[in-house]
Amino acid sequence: MRNPVSMIVGLGNPGTEYANTRHNAGQDFVENLARALGQPLVNTPKHFGFTTRISLAGKDVRLLVPTTFMNRSGQAVASLANFFKIAPDNILVVHDELDLPPGTAKLKIGGGHGGHNGLRDIIAALGNNKEFGRLRIGIGHPGNAKQVASYVLKKAPADEYRLIEDAQTAAERTLTDLVAGDWEKAMRELHTA
């Protein structure tokens with residue numbers, strides 16, 4: 001057992017021009033979760049994002065979608081975590097993952113940023129603490145490192161987008177276990193699905 005998740009952060013870029021792009025897979029996850037639970041996200045400028053509180057497995061969980069650009073996500077995460085006294089190891093950051101194919105989602109505890117600017121900024125904002133959980137939503141890789149920036153900022157074709165949504169749905173089913181602190185069960189369910 002590990003510390004239970006009490007804050008879920010969905011990474012993305014603000015603005016309609018970035019809506020439903022591959023890079024916003026984390027943001028889409030949190031927005032869909034809030035919508036499914038009937039809890040609208042509210043613009044909360046003091047925390048640099050849209051926030052709400054949900055109940056999962058009888059526990060309060062804070063949701064956050066930063067209104068900062070991806071590379072400044074740490075400002076929002078640190079603000080909300082500090083305000084509610086949420087330790088880094090109680091945070092789950094949901095983000096796009098180039099190294100996983102569309103249709104795949106993986107959980108991970110701690111580690112580096114892997115070149116992801118949102119994770120890099122969160123690690124720095126949390127005092128170089130890397131022990132937060134990550135839900136990695138696969139978006140695939142364009143095959144050429146020089147194409148990554150344009151690739152992640154584009155919308156996925158419809159068939160690929162459906163695969164990303166399927167992975168998000170599978171990941172959502174693990175949240176009750178994560179809130180209970182049962183990362184092993186959540187990983188087993190998600191990684192063998």
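Heads up, the Cβ atoms here are built off N, Cα and C, so glycines get one too.
Going by Swiss-Prot, these are the annotated features:
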SITE      ASN13  site 'Discriminates between blocked and unblocked aminoacyl-tRNA'
BINDING   TYR18, PHE69, ASN71, ASN117  tRNA binding site
ACT_SITE  HIS23  active site, proton acceptor
SITE      ASP96  site 'Stabilizes the basic form of H active site to accept a proton'
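Distribution of Swiss-Prot features across the structure.
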residue: ASN13; record: site 'Discriminates between blocked and unblocked aminoacyl-tRNA'; Cβ within 10 Å: 21
residue: TYR18; record: tRNA binding site; Cβ within 10 Å: 18
residue: HIS23; record: active site, proton acceptor; Cβ within 10 Å: 23
residue: PHE69; record: tRNA binding site; Cβ within 10 Å: 15
residue: ASN71; record: tRNA binding site; Cβ within 10 Å: 12
residue: ASP96; record: site 'Stabilizes the basic form of H active site to accept a proton'; Cβ within 10 Å: 26
residue: ASN117; record: tRNA binding site; Cβ within 10 Å: 15
Pairwise CA distance, ASN13 (site 'Discriminates between blocked and unblocked aminoacyl-tRNA') versus PHE69 (tRNA binding site), rounded so that it is a whole Å: 5
Near-site residues: tRNA, ref TYR18, PHE69, ASN71, ASN117, CB cutoff 8 A to centroid: ASN13, HIS23, THR68, MET70, ARG72, SER73, GLY118
Spatially closest candidate among PHE69, ASN71, ASP96, the listed recorded positions, to the residue listed as 'active site, proton acceptor' (Cα to Cα): ASP96
Inter-residue Cα distance where the pair is ASP96 (site 'Stabilizes the basic form of H active site to accept a proton') and PHE69 (tRNA binding site), in Å: 14
Between TYR18 (tRNA binding site) and ASP96 (site 'Stabilizes the basic form of H active site to accept a proton'), the C-alpha gap once rounded to whole angstrom: 13
DSSP state at PHE69 (tRNA binding site), helix/strand/coil: coil
For tRNA, whose listed binding residues are TYR18, PHE69, ASN71, ASN117, the greatest C-alpha pairwise distance in Å: 16
Cα-Cα distance linking ASN117 (tRNA binding site) and ASP96 (site 'Stabilizes the basic form of H active site to accept a proton'), given in Å to the nearest integer: 11
